[in-house]
Amino acid sequence: MTDTLPPNRVVFVHAHPDDETIGTGATMAYYAADPDTHVTLVTCTLGEEGEIHVPELSQLAAAEADQLGGWRLHEWHMSCDALGVADRRMLGGPGAYRDSGMMDTPANKHPRAFWGADLTEAAAHLVAILRELRPQVLVTYDPNGFYGHPDHIQAHRVSVKAAELAADADFRPELGEAHKVSKFYWTTVPKSALATMFEEFSQSDDNPFEGVTSVDDLPFGVDDSEVTTVIQGKGFGEAKLASVRAHATQIPPDNWLAVMAAKVGVDATTTEHYILVDGKRGPADPETGWETDLFA
C-alpha cells in the first residue's frame, strides 16, 4: 500500500474522540495539508463515559441510554474533516474497546474497558496498521497519559508495545512485514507555555486555572529542557478551533482555546510541543534548541 501513499507518514494514537484536537490538532492539520505527508489518526475508544455539555443530549449518558459513543463517533468524523485527516481509524474497529472512565471508577471494570484490555492483543491491532502504512513517525502520550486518565495511560502502553512488536519479524507475520518506526514522540506542554497561559488568564472570568496557585500543581507540564520538538501550526488555528467545536458534547463553546483565540489571536492555539523518546533529533531552532519538524 505504501507505493500509493506520500513519502512521509505519521500515525497519531489517541484515547478518545476529542483528544486529537487539544494537543495535536494544529500539528495534524499542518501535516495533512502537505501533499507529501499522510496523516493517520488511531483512536482507541468511543468515549462512552464522557460528560455531556449539551443538555438536550444528556440522556445519551452511560448511566442513561448509554448511546454517547455513537454520537461521539459522529463528532470525531466531523473533527477529522475539519483537520483534513481522511485516514481515521478506531483501534480494533468501532466499539472494540470501551471508555474506562476516570481512575478508580466502576467503569474501569467494564468487560470491554480499554484499561483492562490484553496489552498484546490490543497492540496487535496497531501493529497491523504500522506494518500496513510503514510510518516514519508515531505520536502518543507519555507514561502518565498526559494527565493520568486510564485510557490515556493504556494508549501509551499499547503504542509502546506495538512499536516494539511491529519491528519483530517473529511476531504475527500474517500482519505484514516487520517495520521499525524511525521517530517516536510523546505529546507534552512546557511549563513556560503553561506559565504564560496562567498569567494571561489569571484576571479573567474564563480562567481554566481557577483554584490553581502554581503551574507546578498541575498534573501535566514538563521543564522546557525535556521538550525536544515544537510544531508551529500557524495558519491552521481555524481548523483546530473547528475541530474543537465539532466535539460539542465534550467541549463547551467558552472553552479555554476559544477564549485564548479571542484574547490574543487564533495563532496562539497552534503551537504544540513533543518529546522525542526514540529516534534521531533533527536540526534545532537556534533560539529554542527544539527541532521544528517531526520528520527532520
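Cβ coordinates are placed from backbone N, Cα and C, and glycine is handled just like the others.
Bear in mind that the values here come from a model prediction, so they are computed numbers and not experimental data.
According to Swiss-Prot:
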- H16, D19, H152: Zn(2+) binding site (BINDING)
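Here the features listed in Swiss-Prot are placed on the structure.
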residue : record              : CB count, 10 Å
H16     : Zn(2+) binding site : 26
D19     : Zn(2+) binding site : 29
H152    : Zn(2+) binding site : 25
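Under the DSSP three-state reduction, H152 (Zn(2+) binding site) is assigned to helix.
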